[in-house]
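A short worksheet on the structure shown next.
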Amino acid sequence: QFLFVVTFTTFLLCCVEYDVLFANRPLNHSHAGGAAPDRSKVTLPDAILPAPQCAQRIRGSGWIIFLLVMAAAFWLYRLVKVLCSLLSFWEIRTFYIKALNIPSEGLCNYSWQEVQARLISLQRRQQMCVHKRELTELDIYHRILRFKNYTVAMVNKSLLPVRFRLPLLGPVVFLTQGLKYNLELLLFWGPGSLFQNKWSLRPQCKRAGARRELARRLARAMVLLGLANLLLCPCVLVWQLLYAFFSYAEVIKREPGSLGARRWSLYGRHYLRHFNELNHELQARLSRGYKPATKYMNSFTSPLLTVLAKNVGFFAGSILAVLIVLTVYDEDVLTVQHILTAITLLGLVVTLARSFIPDEHTVWCPEQLLQRVLAHVHYMPDHWQGNASRSETRSEMAQLFQYKAVFILEELLSPILTPLILIFALPARALDIVDFFRNFTVEVVGVGDICSFAQLDVRNHGNPQWLSAGQTEASVYQQAENGKTELSLMHFAITNPRWQPPPPSELFLSHLKEKVQQDAAAAPPAQRILAEGPLGTSLLS
């Protein structure tokens, strides 16, 4: 895709004669037999320059040559990374076939739990990990999700991402793929990062006496990386614009309403992710919550916007209907200049206007809809309880579940805003980040350094409000927010039923089961609950 975008864009800039293509300059076609030249008909080959003339145009533009050199360097870097990944994938494939006895053609028939069970069994037989005899399910998750757990914990403790309060827009959370890549470069795998390799934190990061020096170095690295991003900003911005155009232009033409569809934001995926939750587990959970979340967000309508959309749709649809009737009556109407453009744009306007008109049969029940969302995503701030109908709740939900158009706009702005965040906003948090890694890192034999939150220990990171009162010794600083330790523990225990949790966690789970059984015994029959609720009454009617 990268090669195609670069080559095709260069071709469009240097190898097309647009005056000929737009018929601004007549062409003299020579015809056999002395026939008169046809000046009205222009073919594509007429508008494409010969190869020598195209090459001369490219050589004559220093700016294009510079961009092509930068593109070639980036492509070679990507090529090396892909080749390294292919070697790694080949090793994984060989391991699955020879060690786990899972053939490639049958891999899709195995669940992750079956693969994990074979891996644990293989450790008992062949002692792959020499530092410990038994591998547990939690050890495997810790190895796979080492850096992910740190990131999820930093988002949970509000260290990342950066939040802004903008006029008219209010609180804004900014986290894009570009910013995430830079943060991982700074913290995990870049030169001078806090981790010295894939499994071990630098020794000085664990010493309290070196915290201020480390913070100064990290802040300096943030500024230098921000300056590097600023220098590369034009190239990255051009690439983002081209890639977005080639990716979404056809989709927008075919389905203009797709920009009004929603997706879980990158920040939302980190905020809603459990500790020790694999990508496919997270994706399955958020996919189940997609429809309830869409219904909740669509339940909010603006009467003024609805009236405006109906009128705009009516005016644009009326003009479009007339143009369509004229083209059906006489197809020569299509030869009129810009008539196809007008029909296409009017179709886009009508489709966009319809997306702002709510379904007249929608029932207003935001509390029930938000509870259905919570059943799948598992997390929401305490102040959302009982306030599902408030616009503030919807705005905060929109940070987790954003419009696709907002996602595209954020990615396009990322090359400009990422350097500014790295230079001006993040250095102030360098000391807090260094303290976080020192305070919440533990070394596990056979696994390496991991985030202590990922141990799912309610005693050290539990929250008294989440049924762990009397079992936790954690201070406010050590507690995970929104009950993430407890919810992650429950999720991991359900996902891995063979896992043996440590005694404090096992005690918490047993108390939780007793509480659930008591609530279930005291609750009225399910039919009565359904009939008494407003949503249930509507469904049964």
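Keep in mind that glycine also has a Cβ here, set from the backbone N, Cα and C atoms.
TrEMBL annotations:
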- 1-23: signal peptide (SIGNAL)
- 60-80: transmembrane segment (TRANSMEM)
- 221-246: transmembrane segment (TRANSMEM)
- 304-326: transmembrane segment (TRANSMEM)
- 338-357: transmembrane segment (TRANSMEM)
- 412-431: transmembrane segment (TRANSMEM)
Discussion item. Can you tell me which parts of the same chain pack against the transmembrane segment (60-80), counting only residues 6+ beyond its ends and a CB-CB cutoff under 8 A?
Written reply: 2-3, 6, 10, 13-14, 235, 238
Worksheet item: Between the stretches 221-246, 304-326, 338-357, which one has more Cβ pairs under 8 Å with the transmembrane segment (412-431) than any other?
Response: 221-246
Worksheet item: Do any residues of this chain, six or more beyond the ends of the transmembrane segment (304-326), have a C-beta under 8 angstroms from a C-beta of it, and if so which?
Response: 333, 339, 342-343, 346-347, 349-350, 353-354, 356-358
Worksheet item: Same-chain Cβ contacts of the signal peptide (1-23) under 8 Å, 6 or more residues past its ends?
Response: 40, 42, 46-49, 54, 57-58, 61, 64, 68, 71, 74-75, 78, 239, 242-243, 246
Fill in: Close approaches to the transmembrane segment (338-357) from elsewhere in its chain (Cβ under 8 angstroms; 6 or more beyond its ends)
252-253, 255-257, 260, 305-306, 308-310, 312-313, 316-317, 319-320, 323-324, 327
